[in-house]
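A.B. asks: Heads up, here are the entries from TrEMBL:
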- B:79-263: domain 'ABC transmembrane type-1' (DOMAIN)
- B:30-51: transmembrane segment (TRANSMEM)
- B:85-107: transmembrane segment (TRANSMEM)
- B:114-137: transmembrane segment (TRANSMEM)
- B:143-164: transmembrane segment (TRANSMEM)
- B:194-215: transmembrane segment (TRANSMEM)
- B:245-271: transmembrane segment (TRANSMEM)
Amino acid sequence: MGSPFTIAVKDVCKRFPDGTLALEGVNAEVRAAEFVSLVGPSGCGKSTLLRILAGLEPISSGQVTVGGFAPGTPQARAEMAFVFQEPTLLPWRTVLHNVALPLELRGVGSQERLARAQEVLGLVGLSARAGAFPRALSGGMKMRVSIARALITQPKILLMDEPFGALDELTRQRLGDELLSIKQATGATVVFVTHNMFEAVYLSQRILVMTPHPGRVAEVLEVPVAYPRTPEFRASETYGKLVYQVLSVLEGGPAVPPKPDEVQA
Amino acid sequence: MTQSSPMETPPTGNQALSKASRLARWGREALPVVLAFLVFVGLWQLGIVIFKPKPFIVPGPVDVGQAFLEHGASLWESTLITLRATAIAFVLSALIGAAVSFLLTSVPILYRAVFPFTVVFQSVPVIVFVPLLLTWFGIGLPSIIAVAVIISVFPIIANTAIGLRSTEASLKQLFQLYGASSWQTLFKLRLPAALPYFFTGLRIAAGAAVIGVVVGEYMAGMASTRGGLGFLVVESASRLQMAKLAATGVCAAALGIGFFLLVGYVSNLFLRSWHESARGDQER
């Protein structure tokens, strides 16, 4: 905590080579150690925005800084990790060697990186499967390995692109809880892309609701409930109202809460 | 966080099958093949007994068996000669194929310009090249090997090139995000990802190399005194020894199958632990 690492996005436009305007006039800020979700339907540019933060996609105009640096610079990359929609594991490597890959690419010695890999595997509850090959794992386990791999460099910023999109609901909720405890333990900043508003409300401190054609941030909603979040949170009035608000923005209306005095948007 | 969920058990159990069920599976798969073979040979011999054709027009299974006994030494010798030429041609094809596909995929313009021609080249009947090769290399092993390389190198080039080009985009981005050097990306990502494709190419090439060598020997053999199976084909055909010709065919087929199985075995050793193409007990 108290780390200076923040993300700032100012007046960003992104036009694809085919002329599609993916993002227009996007402004956003993420504070250090904050959990922010980007929510919206497909085509709203949420994944594009995340990929811009990772430096995987150039912007057409505007300004972006990640931890004070331009995205894609070695300094910015050193402080972040990206979790893809798919587990993106190397099928010819065991779980342990998959997790150790980022350190291997950075030239960390074999003994040290494998020890670190073992450590982060413990963090996601997969120590027992270190020697398994990815094809022997379930979808949820593969995603845990992918998250462990992201954690091994001790990133200050975690960028996650619909990481739980392909999982069944129970696994999704369980991994969400695990992600929150990892976030609490490491103090990392998390930017989380999802199309699932329930997931966004449950996990985030702040939600950027995005709408398509062209992609823009339509509304920013605070979730005024402290961590740790419990299953009871899902049954609370605040939770329901927030989901309702996200929905009404996505349907083109204003973020009108059922009772305007209870939730500050 | 530390508890692992009981809901997620691995989808495939990879405990080895018991001996009994393995035997049962073998019986299920191999028995029909053996039976079909016996029925075929039986009908063949029956036709010979009923119609009594001249042996130099249609030899029967018994004639072929006799040919094996009678010409065993020369069949064995020729098989070894063909085996040696095939092995050399196969290794050359593997090396050339790997090098060419790597070169083509490393230079995108080269790939776009040259790759279509590899397909064109592949559809020219190999017979066309043989007189040329004989003129260049003379009658002998180099020409025979060249024929075999020409027909077995293309499946390797085509498959390996596809493998080298089809590295998953998100994996490349992963490497990019961690600042991997191009050497690291090559050795830790692109080459291993292309390995299954390379082996597919090798498997096709194994059969093609045997055919290439026999064709080469056939063309060159007309002028030489002793040689491989292709030469035996020429020799027995010219002497109307059809039973020996059939026995030669059996030897060539056995050689092709042997090579194919060997490559399959090596491929399985490399890919067993991770690739879908590898035949493992988990799969069925």
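Here the Cβ of each residue, glycine as well, is placed from N, Cα and C on the backbone.
Curation plays no part in TrEMBL annotations; they are all automatic predictions.
Tell me about the setting of these features in this model.
C.D. replies: The list of residues near the transmembrane segment (B:85-107) in space but at least 6 beyond its ends in sequence, with Cβ under 8 angstroms from a Cβ of it, reads 114-115, 141, 144-145, 148-149, 152-158, 160-161, 164-165, 198, 201-202, 205-206, 209-210, 212-213, 216-217, 228, 255, 259.
Using a Cβ-Cβ cut-off under 8 Å and counting only residues 6 or more beyond its ends in the same chain, the transmembrane segment (B:143-164) has close neighbours at 85-86, 88-90, 92-94, 96-98, 100-102, 104-105, 111, 115, 118-119, 121-122, 126, 129-130, 133-134, 136-137, 190-191, 193-198, 200-202, 204-206, 208-213, 215-217, 219-220, 228, 230.
Sequence-distant contacts of the transmembrane segment (B:245-271), counting only residues of its own chain at least 6 positions beyond either end whose CB sits under 8 Å from a CB of the stretch, comprise 59, 63-64, 67-68, 71, 75, 78-79, 82-83, 86, 90, 195-196, 199, 202-203, 206-207, 209-211, 214, 229, 232-233, 236-237, 277-280.
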